[in-house]
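Trainee: Quick one: the structure is below, and I'll ask about it shortly.
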Amino acid sequence: MRISKANAYVAAIDQGTTSTRCIFIDAQGKVVSSASKEHRQIFPQQGWVEHDPEEIWDNIRSVVSQAMVSIDITPHEVASLGVTNQRETTVVWDKHTGEPVYNAIVWQDTRTSDICLEIAGEEGQEKWLDRTGLLINSYPSGPKIKWILDNVEGARERAEKGDLLFGTMDTWVLWNLTGGVRGDDGDDAIHVTDVTNASRTLLMDLRTQQWDPELCEALDIPMSMLPEIRPSVGEFRSVRHRGTLADVPITGVLGDQQAALFGQGGFHEGAAKNTYGTGLFLLMNTGTSLKISEHGLLSTIAYQREGSAPVYALEGSVSMGGSLVQWLRDNLQLIPNAPAIENLAREVEDNGGVHVVPAFTGLFAPRWRPDARGVITGLTRFANRKHIARAVLEANAFQTREVVDAMAKDAGKALESLRVDGAMVENDLLMQMQADFLGIDVQRLEDVETTAVGVAFAAGLGSGFFKTTDEIEKLIAVKKVWNPDMSEEERERRYAEWNRAVEHSYDQA
């Protein structure tokens, strides 16, 4: 007979752009169980990307159950739960029925570009940069909320009456986990977010960590819709949904990229990581002093512990990373599955002069060109699918180089090495390309899915399962290092070719 052990594990829900995952870690920080499930990507029009919030909630319940059953544990054995999520993705729902008024508008969606141009006016997209750390563009949540209120029949009137709630995905998940319309104990569910997610809305003042009435008024968003902002690490509420994690306390909430930084042990000023997921996201811890970028990066909050000052970060966000490989698989059908791209790309020594610029929804950091669209340059009769596959991998490495260069200028010093995570870092060829194009070591950890592990660490810290960040750092180990194997002359020549290719993507929309 199995003997249960109270509070032996920490759980994490990782609600990502393409799938939802649940993991359990033990006291050594090892993943002992994991389950995941993909959800539909909805493309109603060119440039529009949506998800079904109710499908995602169903998937969350499914993966939590699967992960628990696989190791035969009970809620009694779970010390706490952490939640991490795709950031900026926007849900608006009726607080009386729990029904979304529209699909979730995903962070990649560009339908709000015209709204953003109007708001930015003559001052341009940097108008609120000093206050929010963000540019006025289609990326943050604020313009997405405005679009829903202006375009969904009756939504604005319902919002002004106080009947609608807004949340990024963490808020939607927390609201449902704590009972939804009515908790099982009769209490209302919590309508909250954490500082990292709130910092991605274009509605929060980074210095006060509070919603800014002036920004809300400028976007015509009723503040009654907005969730309470709380620190990332601390007590939220126990799960009150009649499900497999009933009564487990929720003690950590982080946006996905901040969770990855946490999972990499990025607790010290200057620590940096790059996540190779659906997009590419480079974050550098800048300590408790807010630094506003002068080179096309965003300023954000890395995390905040209850009772402590927030820790800030610089971020370079690239919209197309792993999703470019998915496009090669699903749209062009050049590979049967994502991992197959590595072997195909290895069949040629170089890209044959081909470059793929994945500006499918414009270019994000550090260029911020919403007018750009995807292009393939350098095609000749010599080029084949192997060259295109190699160019797709190189596009990820070159885009990262752009962000690393911008971050070095903002920080006043170059990175000495780069820690990486995400599904794509299993691709050894891509990691060698990255080291070559950066000219620094690239380090991969033992567990490459640091987003889920990171928020599990945060929840463990919030519940006392882990006592200090020093304890967490000791659990993190580098598994493999790639050293640069390219001359400086070759590196800069290749980078110049990439920059010429990118210029061909401009003025297309």
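Placed from the backbone N, Cα and C atoms, the Cβ positions cover glycine too.
Feature list, courtesy of Swiss-Prot:
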- THR17, ARG21, THR278, GLY322, ALA423, ASN427: ADP binding site (BINDING)
- THR17, THR18, SER19, THR278, GLY322, GLN326, ALA423: ATP binding site (BINDING)
- THR17, ARG87, GLU88, TYR139, ASP256: sn-glycerol 3-phosphate binding site (BINDING)
- ARG87, GLU88, TYR139, ASP256, GLN257: glycerol binding site (BINDING)
Trainee: Based on Cα coordinates, which of the following binding-site residues are within 10 Å of THR17 (ADP binding site): ARG87, GLU88, GLN257?
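Mentor: Correct set: ARG87.
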Trainee: Taking only the residues the record lists as binding glycerol, namely ARG87, GLU88, TYR139, ASP256, GLN257, what is the largest Cα to Cα distance between any two of them, in Å to the nearest whole number?
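Mentor: It comes out at 15 Å between the most distant Cα atoms.
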Trainee: When a 10 Å sphere is centred on the Cβ of ARG87 (sn-glycerol 3-phosphate binding site), how many other Cβ atoms does it contain?
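Mentor: The answer is 27.
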Trainee: Given the binding-site residues ARG87, GLU88, GLN257, GLN326, state which is nearest to ASN427 (ADP binding site) when distance is taken between Cα atoms.
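Mentor: When the Cα distances are compared, GLN326 comes out closest.
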Trainee: Give me the non-local Cβ neighbours of ARG21 (ADP binding site): same chain, 6+ apart in sequence, Cβ-Cβ under 8 Å, ordered along the sequence.
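Mentor: Spatial neighbours, sequence-distant, of ARG21 (ADP binding site): ILE13, ASP14, SER34, ALA35, SER36, VAL63, GLU449, ALA452.
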Trainee: Identify which of the binding-site residues THR18, THR278, GLN326 has its Cβ surrounded by the largest number of other Cβ atoms within 10 Å, counting every protein chain shown.
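Mentor: Within the set of binding-site residues, the most crowded position is THR278.
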Trainee: What is the nearest of the binding-site residues TYR139, ASP256, GLN257, THR278 to THR18 (ATP binding site), using the Cα of each?
Mentor: THR278
Trainee: Near ALA423 (ADP binding site), which residues of its own chain have a C-beta under 8 A away, given they sit six or more steps off in sequence?
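Mentor: The list for ALA423 (ADP binding site) reads TYR276, GLY277, GLY322, ALA338, VAL448, GLU449, given in order along the sequence.
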Trainee: Nearest of the binding-site residues to SER19 (ATP binding site) by CA-CA distance, picking from ARG87, TYR139, ASP256, GLN257, THR278?
Mentor: THR278
Trainee: Since the record lists THR17, SER19, GLN257, ASN427 as binding-site residues, which of them has the fewest other Cβ atoms within 10 Å of its Cβ?
Mentor: SER19
Trainee: Return the residues near ASP256 (sn-glycerol 3-phosphate binding site) by Cβ distance under 8 Å, restricted to its own chain and a separation of at least 6 in sequence.
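Mentor: Correct list: ASP14, GLY16, THR84, ASN85, GLN86, ARG87, THR275, GLY277, THR451.
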Trainee: Give me the CA-CA distance between THR278 (ADP binding site) and GLN257 (glycerol binding site), in Å, as a whole number.
Mentor: 12
Trainee: Taking the Cβ of TYR139 (sn-glycerol 3-phosphate binding site) as reference, which residues of that chain separated by at least 6 in sequence fall under 8 Å from it?
Mentor: GLU88, TRP107, SER317, PHE364
Trainee: Quick one: which residues besides ARG87, GLU88, TYR139, ASP256, GLN257 have a Cβ within 8 Å of the glycerol site's Cβ centroid, in sequence order?
Mentor: GLN86, THR89, TRP107, ARG200, GLY255, PHE281, SER317
Trainee: What kind of secondary structure is ASP256 (sn-glycerol 3-phosphate binding site) part of, going by DSSP in three states?
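Mentor: The three-state answer is helix.
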